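Feature annotations, reproduced from Swiss-Prot:
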type	residues	note
REGION	1-232	region 'Pyrophosphorylase'
BINDING	11-14, LYS25, GLN78, 83-84, GLY144, GLU158, ASN173, ASN230, ARG319, LYS337, TYR352, ASN363	UDP-N-acetyl-alpha-D-glucosamine binding site
BINDING	ASP108, ASN230	Mg(2+) binding site
REGION	233-253	region 'Linker'
REGION	254-448	region 'N-acetyltransferase'
ACT_SITE	HIS349	active site, proton acceptor
BINDING	ALA366, ASN372, TYR373, SER409, ARG426	acetyl-CoA binding site
REGION	427-448	region 'Disordered'
Amino acid sequence: MTARSSLTIVLAAGEGTRMRSSLPKVLHPIAGESMLAHVLAAAPQGDGAAIAVVIGPGHDAVEKEAKRLCPDVAIFVQRERLGTAHAVLAAREAIARGADDLLVAFGDTPLITAETFARLRAALAQGAALAVLGFRAVDPTGYGRLLLDGSKLVAIREHADASEAERAITLCNAGVMAMDGRRALAILDKIGNTNSKGEYYLVDAVAIARSQGLDAVVIETSEDEVRGINTKAQLAQAEAAMQARLRQAAMDAGVTLIAPETVYLAADTTFGRDVTIEPFVVIGPGVSIGDGAVVHSFSHVVQSKLGSNTLLGPFARLRPGTSLGDGAKIGNFVEAKAAVLEPGVKVNHLSYIGDAHVGAHSNIGAGTITCNYDGFNKHKTRIGEGAFIGTNTSLVAPINIGARAYIGSGSVITRDVPDDALALERSPQTTKEGAAARFRNAKLRQTK
């Protein structure tokens, strides 16, 4: 059987004024990715799958994000806000290509899943001309009601127009819709604007399809999956729902989350086997964690790689570009940025390792700082394998510390150190016998 082609149109033209933000609504992040990114990730992918995004005038940032995520995306601009059907028809050029399945989604519903899109498409494959996504609302007030005759959808009744009996219905319209792509324009072009707002409503497609002798059906999903986001409070609710989903997926994959509700994950976080995450850990985008790794409490990780059997934290921070080799350890109050730590490296306490490459099995003592910035440019620190850096050491980059070299505690190292060398840089210690007693006695006499 030949695979069905698809066109997914994502409506992202809204201003999002209730967000009270200069950032376009669909670009607000959920689990480290924009809302738009989540919707596009759920849309059908691969051969025969096309994506179009409808944006508002001047929404260059939304266009840029869409193209970052899907280089082949088609961008269409809805010049006037005249309703959802009008927005869909902004992509007329793409619709006219006649994909088998036309999907209409919204850029502010980031919890939509690929499985739900697949179920909508399956309904079309089984002969429906229209499949509308519905949900059972806890409080249906304000939602359009889905009116059924047996298994067929006969109408979508807006709340304001619904009778008392219809308002008692809890099956509500989510807005997401699938349509027979070959019949889509014939249906959409029939939608009029004879209503109080003079707008073209996509929900009218149901009545038009039925008037053409075509079947419409409802596909049900959970209310959480289709919850739209219009305010920062709703954004927080969506974040909570997404985090619950990500935590459950991680635990299902074998990750131990000791206090799941306190751990924050990104949508693209990947885990190996037997990973343990302690409470109050934040994992941002671009993080992979290898087999047997342990992330202790109050650690923060972004765009970093943790190898197998690594230990991180507590109170550790990994910034972008950091890679921990197998068995490496980053301890408490250590920050690493753009640093490669080879297998077995230990940085146990109170250190900053930035723009650095640390060779295997090196030991970095407490209070070590790689001084990587001269006020204008960042510079590299290279530490060879098996090196020992004493406590309270400053390594002024650019600098190379040789393999198996020793750096004495309290040193400020400004020149390269060869392999197997010992480098010390500190003032000679001065000890004056009895001076403390003399100082103390003098102070006591002054207080009498």
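Placed from the backbone N, Cα and C atoms, the Cβ positions cover glycine too.
Remember, predicted model here, so these are calculated numbers, not experimental data.
Counting in whole angstrom, ARG426 (acetyl-CoA binding site) lies 63 from ALA13 (UDP-N-acetyl-alpha-D-glucosamine binding site) by their C-alpha atoms. Helix, strand and coil content of the region 'Disordered' (427-448), in residues and according to DSSP, is 12 helix, 0 strand, 10 coil. On the 0 to 100 pLDDT scale, the region 'Pyrophosphorylase' (1-232) averages 94 in this prediction. The recorded positions shown are ASP108, HIS349, ALA366; of these, the one with its CA atom nearest the CA of ARG319 (UDP-N-acetyl-alpha-D-glucosamine binding site) is HIS349. Classification of ALA366 (acetyl-CoA binding site) by DSSP places it in coil, neither helical nor stranded. Considering other CB atoms within 10 Å as the measure, the emptiest surroundings among the recorded positions LYS25, HIS349 are those of HIS349. Under a cutoff of 8 A between CB atoms, and with a sequence separation of 6+ in the same chain, the neighbours of TYR373 (acetyl-CoA binding site) are GLY354, HIS379. You'll find the Cα of ASN173 (UDP-N-acetyl-alpha-D-glucosamine binding site) roughly 55 Å from the Cα of the residue listed as 'active site, proton acceptor'. Closest by Cα distance to the residue listed as 'active site, proton acceptor', from the binding-site residues GLY83, GLY144, ALA366, is ALA366. All protein chains considered, the CB of GLY83 (UDP-N-acetyl-alpha-D-glucosamine binding site) has 21 other CB atoms within 10 Å. Across the structure, ASN230 (Mg(2+) binding site) and ASN372 (acetyl-CoA binding site) place their CA atoms 43 angstrom apart. When the neighbouring Cβ atoms lying within 10 Å are counted for each of the binding-site residues (ARG319, ARG426), the highest count belongs to ARG319.
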